[in-house]
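K.L.:
After the structure tokens below, expect a handful of questions from me.
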Amino acid sequence: MNRKRTIILDTETTGINQTSLPHINHRIIEIGAVEIIDRCFTGNNFHVYIQPGRSIESGALKVHGITNKFLLDKPIFKDIADSFLNYIKNSILVIHNASFDVGFINQELEILNKKIKINTFCSIIDTLKIARELFPGKKNTLDALCTRYKINKSHRNLHSAIVDSYLLGKLYLLMTGGQDSLFSDNTINYKENFKKLKKNIQLKNNTLRILHPTLKENDLHEKYLQYMKDKSTCLWN
């Protein structure tokens, strides 16, 4: 049986270009990715720090805490490019605010004169787009969504590509619980998918309606949250 790999991915960078595309004149310094198959974390992860060949901006340092000194002995992107590409090849990539990370990764590939873009050999799902459909008008950062879904993020003092990938993986499973078939292996048709998804979660008038649980349902929900806190690696509805 050919089981499709889902890779949850995040990056940290030297900073963000405020006047052009975010990746212009900046580089990736960390890649974190976790593998999910059959809605289970497999433990087959990819994590690397990268020497960017330029200094880290102070604003970015405050976000992720990764220093120039720490990166001095780390590999450059060229040294890890092939292993990274082999890891994500033909997978479904799940990324929060995908255009940001994809822009940085494609720039790194362009610097190496590789005539490829990751969206040509991976399907890409943007969880920010999913969140905006589910919660229009709400704050939909990773931090805000973890709070909304009661995902424990007490260990997330600073941004970390590998930690954030794991949190995003748990979040993605919860947001799409029981809805794997909504997403095509080759292309993501958000318009049609979210027509189905909105119907399934009873969205009306483009706003999220709160359906109050019965006492029994609430008790089951509390037991389910406790189950999650016990660090189960698989999530089902």
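Easy rule for this one: first residue shown is 1, then count along the chain.
Glycine residues also receive a Cβ, built from the backbone N, Cα and C atoms like all the rest.
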K.L.:
Looking at Swiss-Prot, which one out of ASP143, ASP164 binds substrate in the same site as ASP10, GLU12, HIS64?
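P.N.:
The record-listed residue among the candidates is ASP164.
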K.L.:
Whole number in angstrom, please: the longest C-alpha to C-alpha distance across ASP10, GLU12, HIS64, ASP164 for substrate.
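P.N.:
Comparing all Cα pairs, the maximum is 12 Å.
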K.L.:
Between the recorded positions HIS64, HIS159, ASP164, which lies closest to ASP10 (divalent metal cation 2 binding site), Cα to Cα?
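P.N.:
Smallest Cα separation from ASP10 (divalent metal cation 2 binding site) among HIS64, HIS159, ASP164: ASP164.
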K.L.:
Can you give me the Cα-Cα distance between ASP164 (divalent metal cation 1 binding site) and HIS64 (substrate binding site) in Å, rounded to a whole number?
P.N.:
11
K.L.:
Which residues, same chain and not among ASP10, GLU12, ASP164, have a CB within 8 angstroms of the centroid of the CB atoms at the recorded divalent metal cation 1 site?
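P.N.:
These residues sit around the divalent metal cation 1 site: THR11, GLU30, GLY32, HIS64, HIS159, SER160, ALA161, ILE162, VAL163, SER165.
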K.L.:
How far is it from HIS64 (substrate binding site) to HIS159 (active site, proton acceptor), counting Cα to Cα, in Å?
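P.N.:
Taking the Cα atoms only, HIS64 (substrate binding site) lies 5 Å from HIS159 (active site, proton acceptor).
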K.L.:
State the Cα to Cα distance, in Å, between HIS159 (active site, proton acceptor) and GLU12 (divalent metal cation 1 binding site), rounded to an integer.
P.N.:
8
